[in-house]
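Novice: Pulled these features from Swiss-Prot for this protein:
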{"type": "BINDING", "residues": "697, 698, 699, 700, 701, 702, 703, 704", "note": "ATP binding site"}
{"type": "COILED", "residues": "480-551", "note": "coiled coil"}
{"type": "COMPBIAS", "residues": "1-24", "note": "compositional bias 'Polar residues'"}
{"type": "COMPBIAS", "residues": "90-113", "note": "compositional bias 'Polar residues'"}
{"type": "COMPBIAS", "residues": "241-257", "note": "compositional bias 'Basic residues'"}
{"type": "COMPBIAS", "residues": "283-295", "note": "compositional bias 'Low complexity'"}
{"type": "COMPBIAS", "residues": "360-382", "note": "compositional bias 'Basic and acidic residues'"}
{"type": "COMPBIAS", "residues": "390-401", "note": "compositional bias 'Acidic residues'"}
{"type": "DOMAIN", "residues": "438-563", "note": "domain 'DBINO'"}
{"type": "DOMAIN", "residues": "684-856", "note": "domain 'Helicase ATP-binding'"}
{"type": "DOMAIN", "residues": "1240-1387", "note": "domain 'Helicase C-terminal'"}
{"type": "REGION", "residues": "1-45", "note": "region 'Disordered'"}
{"type": "REGION", "residues": "85-113", "note": "region 'Disordered'"}
{"type": "REGION", "residues": "230-414", "note": "region 'Disordered'"}
{"type": "MOTIF", "residues": "807-810", "note": "motif 'DEAQ box'"}
């Protein structure tokens, strides 16, 4: 359906009204245009002009409809903005305004007035409100401006109309597409269903059609059209086929319509012509063919196709001259299909009429739209009436033909056949007979076959009907499911669309929100970055201010105490020149004004002003320190110095002292070295200025004696004898007591240690009333440990100490520890820290020491870290660039408070120290244990060390894990010791009631018995011929049948070769095997006995049996050579003999027996059995032969001059290859070989022992010290051991024994317990079995030997297991050592 027709037929009332208004206005414009354009000079209208105007307006209307396809809405007027027309005479354009039409003088006055009113209203809307418009007065307005204004107004209105029309078109287009889709879907379902039903009809009717008619009808089928457009007779339909099936189209025969049915109206004639199948679309043309009732070509073709063909008749021979009778066409019994054809024609007519109606509506635009609809309904009613009339005419025609046929049937048939009536009757009779015969034959033969065929056809039809019903039900169900699914799909799609729309807007909102947040964040980041830059700049200036203040403070102090001069050659040359140039100019600033750090404007003040304020703060801080010391001293009356001869010396004022040089105090009973005397001067100046300090000389340079000397200086110069407090580690308490007593005997030392009761007694000697002690005070110096001072801090805080010395000050390196806080709260005038390693792990430790001595200057660790710590620590760890200027400033700050000298600069006579790293490999057992531990963790050794170093005390699992790795590297026996292996003993052991009842020698011979026992009957033992005790029958039988009896022997010459007589052979044969072996063992020959006797007794020995001889007893003269070879044979081969007895026979058994047991016990009641057992087990000859001969027995035999050959046999039991017992102790050789470190240390100790060195060996684990003690016992090395469990008294004794007894080869020490405060210069070799986390602890430990008094070169060996965690620990220790070298190594 065309869109224009839809618009013309379906618009609402408002649209129709607007169309009417538009049409009227257009006609009015046409009339006006005609009036203007077609009036010539004579006042007549030109017809051509009228036609032209009409055609122009009509074409414009059609073009506007085609472009917009819509009618303007109500209230708008379709007008031409500017209409240009020409007259026939002058052809001048005339502008006609839609607001005010161009009219002539004869126009209607009412129209002119209305137009004037409209014009006035428009002008009134334009003019201002103040302007009063008078209707009676027509203002003068420019016509050109007015026409342009009116045209613009019309263009705007027209654009609004076009926009609204376009919107309506879009809505109609959407509805059209939707309806078309619905029609297509519905038509598809209907077409499928009709095709299936028609196919079933075709298959059922094929069985009823004759062969002739079947072929004709099949030929007549039009296969180019759908199946339902043909007749129901067609091709057979195969079920399940997807091809299209067409039906033959049968057009209905219809009588021509009567002339009276035609109307005079042009529209009715067009509808009738369309219904009759004409193709004439003109409304004005006549329909003569339809009116006269003539057939159209389609109707003629239909009539010709509906005539039956002439049947073939069987007739007799006739004359050729006669004509054939008329043959009537045979009618088909099938009813005609009229309704279907009528519906098709009606549909075609409807389409044509609708098309013509649209055209008419376009042409007759001036008519009312309602009238068009009424005419369409009338046309439809007329068409329906014409169709009914045509059906009635066809039925009447058929009845008339039926009535005429019986009347003229016979004559027409006979005449048609060319026969007479008689002949025709005969022919018909013959024909009937033949026809009957045929039918009889058919009924007899073909009847049953036909019946069967009908049954089969019926059955097949029923089957097809069932299939059709099933398919129809299935199709209906499918259609229903599809409709249901479509409905569900619509709901689902609607929900999905809603969800997607919701997600879209939500995502859109989120995106907008994110963009907004991003923009805001960018603004905030920008502002934050600018603020950070300003704050960083401000903090930089603030830090520079603080550093400058500290520099100036250090500079002012350094000028007073002259640290550079005291350091000597160890000073930094770069600092000397730079210091005086830029800091001396601030020496004269006024220190009375103090500037608060929070009140300083770092953003606006210049650098010079900030430096001057920093100088003022530094000067003020120095004055405060001096005033504090002065206040401490003035709290009690000042003492007079006896050496000043009555002149008062106010030592509280350091400015009065001037630059003095302090000599060595006379009270000090030793001679200070040059660098030590400089240290004394530095300490004395610090005290006089009221400033605390750090004496950081390298270990072994005498920090103890320097600190004792400053105490002696105060006592001797200012009569200040205390109270002095010395806090030291527990291992050096006795050392301090001995050193003070030794160097200053006049000092009374109070050793404050022991249990709580002892310390309570010692506190009675404290004099809390006196601020300063004199020479007669109960004590002068109190020596205690860090642990005890923390425990009794409440008592120490009540005292005011003149001087406090902290030895090994790295013990207070943690500013968060209770030890550091307790010592900081003590009241004392001056503090002195002694440490050889001010930095051990990080810069935080250095800050803790600096804050302890100067809390007012070094008050913030964060600031100190920002100044120096981050840069220096990052350089040491990752080798980054280092700011040399920053490092110089740090050295300048530390110089006044810290004095540090190293050994190579101040002690030339001290021997060198050589450090050697000895790398060891893991053994097989160690590798397995190490791999097992590594498999249980997923981090590397480096990461493990990072976590362990950063972990707190609560993270004990990491420290434990690292300790397990280190235990594997030391020795695998730290996990599991080797057990003693012994077999299972299957027997009974003897028991005793009490050892007190036994004698000194407890005889336990044969005390172990086997659990298995058996009884031997007495008769069997006595009556059987067994070797038993005193049996005459056995002897007689043996004597008769023994081959060793001389009576039974004939050939005895072979006995001379073995030096045995026949009687001796008989004697040996009667002995048991053990007695025989003892008898034959070492039987000397005559020559050997003679030579042995002569050599041992030098010819003086004469046996008793030789004294009865008349002749002298003489020896052989040719025995010198024999004596050398026989007598000294054992002495010459003594080395080989010892090797065979001690080493070759000591083999490690490959297999240890699982169980062992004594012989099975035999019980017998025979006396012979008992005697035999006693003789065997307790034979004195056998026992004396197996065990060595006692010295007393041998001496008695010599005195009785018994011949050697008559000496009882002894010590004949040979050395076993294995031990006598199956109990296996762990092998010490294997114990050494299972540890790579211990095996390497064993080789090293052998060389050191051979070279005469004395060794200090440091361990980290006490269990490893116990294992090493077993090794030393096995090697028979002499040693002593010192660890944390050693008491203070034992420490002193051990150190003294080591220094005085050179036979002690090894001194075993724990690194933490024995690495501090000990003087062990007797050792020249130091070995670290395992290294400490802190490199300074190892440095202090090795300096126990490398210190003053050492004259030999000291070698330090460090055992490190390769490719293990120990190597990582050593690398980390070197990083920490690098930090110390950077900060204090070059000061």
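Backbone N, Cα and C atoms are what each Cβ position is placed from, and that goes for glycine too.
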Novice: DSSP three-state call for residue 702 (ATP binding site): helix, strand or coil?
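Specialist: Coil, per DSSP.
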Novice: Would you count the other C-beta atoms found within 10 angstroms of the C-beta of residue 701 (ATP binding site) for me?
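Specialist: A 10 Å sphere around the Cβ of residue 701 (ATP binding site) contains 26 other Cβ atoms.
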Novice: For the binding-site residues listed here, 700, 702, which shows the highest count of neighbouring CB atoms within 10 A?
Specialist: 700
Novice: According to DSSP, how is the motif 'DEAQ box' (807-810) divided among helix, strand and coil residues?
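Specialist: Across the motif 'DEAQ box' (807-810), the residues distribute as 2 helix, 1 strand, 1 coil.
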Novice: What is the three-state DSSP composition of the domain 'Helicase C-terminal' (1240-1387), stated as helix, strand and coil residue counts?
Specialist: 71 helix, 26 strand, 51 coil
Novice: Report the same-chain neighbours of residue 703 (ATP binding site): residues 6+ apart in sequence with Cβ closer than 8 Å to its Cβ, ordered by sequence.
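Specialist: In sequence order, 695, 697, 807, 834, 836 meet the Cβ cut-off.
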Novice: Count the Cβ atoms, other than its own, that fall within 10 Å of the Cβ of residue 697 (ATP binding site), considering every protein chain shown.
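Specialist: So the number of other Cβ atoms within 10 Å of residue 697 (ATP binding site) is 21.
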Novice: If you run the three-state DSSP split on residue 697 (ATP binding site), which class comes out?
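Specialist: Looking at the DSSP assignment, residue 697 (ATP binding site) belongs to neither helix nor strand, so coil.
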Novice: Have a look around residue 698 (ATP binding site) and count the other CB atoms within 10 A of its CB, chains all included.
Specialist: 22
Novice: If you draw a 10 Å sphere around the Cβ of residue 704 (ATP binding site), how many other Cβ atoms fall inside it, taking every protein chain shown into account?
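Specialist: So the Cβ neighbour count for residue 704 (ATP binding site) comes to 22.
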Novice: Restricting to the domain 'Helicase ATP-binding' (684-856), report the mean pLDDT as a whole number.
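Specialist: Averaged over the domain 'Helicase ATP-binding' (684-856), the predicted model reaches a pLDDT of 84.
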Novice: Identify, in sequence order, the residues in the chain of residue 699 (ATP binding site) that are 6 or more apart from it along the sequence and have a CB within less than 8 Å of its CB; answer 'none' if there are none.
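Specialist: Counting only residues 6 or more apart in sequence, the Cβ neighbours of residue 699 (ATP binding site) under 8 Å are 836, 837, 1339, 1340, 1343, 1347.
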Novice: I need the neighbours of the ATP site defined by 697, 698, 699, 700, 701, 702, 703, 704. Which other residues of that chain put their C-beta within 8 angstroms of the C-beta centroid, in sequence order?
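Specialist: These residues sit around the ATP site: 836, 1347, 1348.
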